[in-house]
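What TrEMBL annotates here:
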type	residues	note
COMPBIAS	92-101	compositional bias 'Basic and acidic residues'
REGION	92-125	region 'Disordered'
COMPBIAS	108-125	compositional bias 'Basic and acidic residues'
Amino acid sequence: MTHSPAPSRLAVHGIIAPGFGAALLLCGAPFLAPEVQAALYPVRRIIFTCPAGQTLTVEFVTSDFSAPATVHPPEGPAIALPALPSGDGFRYGDADHDLRGRGSRVTWTERDKPPLTCKEAHSDQ
């Protein structure tokens, strides 16, 4: 009696393999060259002026409004915030930070600090 080898997992799950390849491509996107990332995922950078001469800069992916935004607050390091549901305008936030906006105005809130309302001063687009 001849025993044939068991089919490989790839052959058995051939239908899943293409999806796995697509997932690898998507997961690999952060490792693409910056020029390629910029072409695939255009980012808009907006500078807001705030009271007392402070500035707040926000970067977000223009092709995907569900993508996280990067906020450069007046003080401290940049923060990546996930998109959150918003009835009107936009909203990004986590347990300690909240960015809400509509039109040319935003309100930036950090835990244990009063809200900061800022107005758009400059956009790269």
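Placement of Cβ uses the backbone N, Cα and C atoms for every residue, glycine included.
Non-local neighbours of the compositional bias 'Basic and acidic residues' (108-125) in the same chain are 44-51, 54-56, 62, 71, 73-74, 95-99; each lies 6+ residues outside the stretch with a CB under 8 Å from one of its CB atoms.
Counted with DSSP, the compositional bias 'Basic and acidic residues' (92-101) comes out as 0 helix, 7 strand, 3 coil.
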